[in-house]
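Data block below; observations after.
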Amino acid sequence: MSLIDRFSRGLSATFLSRGVKMVANAALLVVLARFLLSPGEYGLLYLTISIVGVARLFSDLGLGRSTARYVNEYKEDGGGQLHHVLRIGFGFRIALVVLVAVVLALGGGLIADVIGQPDLRPYLLVGALYLAVLSFQSFFSVLFQGFSRVTLSAAVGITNSVARVVFAVGFVLLGLGGVGALLGYVVAAALAVIVGAALLYTQLYVNYEPDAEREEGLRRRILEYSIPLTATRSANTIDKRVDTILVGALAGPAAAGFYTVGKQVSAFLDVPARSIGFTVSPAYGEEKANGELERAARMYEASLRYVLLLYVPAATGLLLVADPGIVLVFGRDYAAATLVVQVLSLYVVFQAINLVTTQGLDYLGRARDRAIAKGVTAAGNVVLNLLLIPPYGAAGAAMATVLTFGFYVAGNVYVMHTELPLRWGRLLRTAAQVVAVSGGMAVGVALVMPRVSSMASLIAAIGLGVAIWVALSIASGLLDVGEARTVLSRIT
């Protein structure tokens, strides 16, 4: 199978799912932030989601990806042990979710008092329900990835994304405010869980004949492999969630709202990289098992080439159009988010590289190394947040994120280098060409930005940047029109 075949297999469904999620999140961001909720209410909503994200650590403990890893392994060996793997995974998941959701519901008042935001209490009560359904939705998605059936993961994700817009906006319009928006998230995730359960049973579970006896030591191996994954997930959650909590606690819910808007704007750009990483990551483990390290290396190099070509120019453009783009899209109440978006433009590049690297390391059996790197950088992120948020507010949190995440991504790429025979000379030449193309695009966009004063002119400036990027990419040989047409035809 060619590299393009490998990329396009399942990529169309994953890209569709991520694209729908991006559009849904964009719609919610604009509708809720600009029209329905105040910056304070929006900040409380996402402060709650961040707290739920931290609590989800304890409802998973790395067992989701550990279960998926053994699903991926045993499906290639007749599948006789798959029923046993799934029963172990679901048993742990149910017990942990019930325990953590109850603790969050009962302890919500204490958490609100500790953070200094008493208005969080009703949010956290609904947040306990959100934790339960979201934990199971993510479990189904990662299991489908382990089965190499990312089309099923896409179905679950699309269900959640579409339903979330309908129910979150609907409940707010009924007068339930930010709590109503969160309740809409709960209903949407619950519908996604129902779809995931039905697909797992009808499309996969019934197709495998179980072995009469469970393989000796299976439960122990699943638990053991979950330990480094737990460490990685814990550090990752601290890195991505605690900053929002600290902004809310140290600078108030409005600042948390500004920071959330900045992070969400940067996150909208990650759909292609996230789709590539989610689709291709299991293949690294398969190629390694087959002794095809060269092939795995070429796949990873192609992934890096694609994300650099897309994301270095995208980050450059984001830096240039953030002012006055944020005010034009979200209103003057969110002008303070402009600097956050500009600082996080570099994070966009780091995140793209990270998305095509980290899950691949898990399938290559290097979860422990990733866990160590993530733990160190997460601790550094907390320290920097505590130092930078008091004087700089939300922008300080953005600075801390960029600095620590950059070191983490560099460490992961190094670990991938030790695992696969990468051609660094070729990768560095590609990076240099991409930077040159981005510079040319930046000059063109910078010349027209002083004339941007409306949504129409903002869209025109973005369109000009895209046109310059396409022209320079083709002229430099970075963008192969035939290859791009082939990939696009297979994912659409």
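Just so it is clear, glycine is given a Cβ too, placed from its N, Cα and C backbone atoms.
Same-chain neighbours of the transmembrane segment (20-37): 45, 157-158, 160-162, 164-165, 168-169, 172-173, 177-178, 181, 257, 261, 264-265, 267-268, 271, 329-331, 334, counting only residues six or more beyond its ends whose CB sits under 8 Å from a CB of the stretch. The transmembrane segment annotation in TrEMBL covers 20-37 (among others).
Annotation comment: TrEMBL describes 43-64 (among others) as transmembrane segment.
Under 8 Å from some Cβ of the transmembrane segment (85-111) lie the Cβ atoms of residues 51-52, 55-56, 58-61, 63-64, 66-67, 70-71, 74, 120-121, 124-125, 127-129, 131-132, 135-136, 139, 143, 205, 218-219, 222, all in the same chain and six or more residues away from its ends. What TrEMBL lists as transmembrane segment is 85-111 (among others).
What TrEMBL records for 123-144 (among others) is transmembrane segment.
The transmembrane segment feature in TrEMBL is assigned to 151-176 (among others).
What TrEMBL lists as transmembrane segment is 182-201 (among others).
When Cβ-Cβ distances below 8 Å are used as the criterion, the transmembrane segment (304-322) is approached by residues 265-266, 269, 272-273, 276, 338, 341-342, 345-346, 348-349, 352-353, 355-356, 427, 430-431, 434-435, 437-439, 441-442, 445-446, 449, 452, 458, 461-462, 465, 469, 473, 478-479 of the same chain, each at least six residues removed from its ends. Under the heading transmembrane segment, TrEMBL lists 304-322 (among others).
The feature transmembrane segment is assigned by TrEMBL to 334-350 (among others). Under 8 Å from some Cβ of the transmembrane segment (334-350) lie the Cβ atoms of residues 33-34, 39, 255, 257-259, 261-263, 265-266, 269-270, 308, 311-312, 314-316, 318-319, 322-327, 393-395, 397-399, 401-402, 405-406, 409, all in the same chain and six or more residues away from its ends.
The annotation transmembrane segment is assigned in TrEMBL to 371-389 (among others). Counting residues 6+ beyond its ends, the transmembrane segment (371-389) has Cβ neighbours under 8 Å at 228-232, 234-236, 238-239, 242-243, 246-247, 250-251, 396-397, 399-401, 403-405, 407-408, 411-412, 415 in the same chain.
According to TrEMBL, the transmembrane segment annotation covers 395-415 (among others). For the transmembrane segment (395-415), the list of distant contacts is 239, 243-244, 246-247, 259, 262, 339-340, 343-344, 346-347, 350-351, 353-354, 357-358, 361, 366, 369-370, 373-374, 377-378, 380-381, 384-385, 387-389: same-chain residues at least six beyond its ends, Cβ to Cβ under 8 Å.
As annotated by TrEMBL, transmembrane segment applies to 427-449 (among others).
Proximity of distant same-chain residues to the transmembrane segment (455-479), defined by a Cβ-Cβ separation under 8 Å and at least 6 residues beyond the stretch ends, is recorded for 309, 313, 317, 320-321, 324-325, 328-329, 430, 433-434, 436-438, 440-441, 444-445, 448-449. Taken from TrEMBL, the feature transmembrane segment applies to 455-479 (among others).
Counting only same-chain residues 6+ beyond the ends of the transmembrane segment (43-64), those with a CB under 8 A from a CB of the stretch are 32, 37, 89, 92-93, 96-97, 99-101, 103-104, 111, 115, 117, 119-120, 123-124, 126-127, 130-132, 134-135, 138-139, 142-143, 178, 181-182, 185, 222-223, 225-234, 237-238, 240-242, 244-245, 248, 252-258, 260. Residues of the same chain lying 6 or more positions beyond the ends of the transmembrane segment (151-176) and with a Cβ under 8 Å from any Cβ of it are 10, 13-14, 16-18, 20-21, 23-25, 27-28, 31-32, 36-37, 137, 140-142, 144-145, 182-185, 187-189, 191-192, 195-196, 199-200, 203-204, 278.
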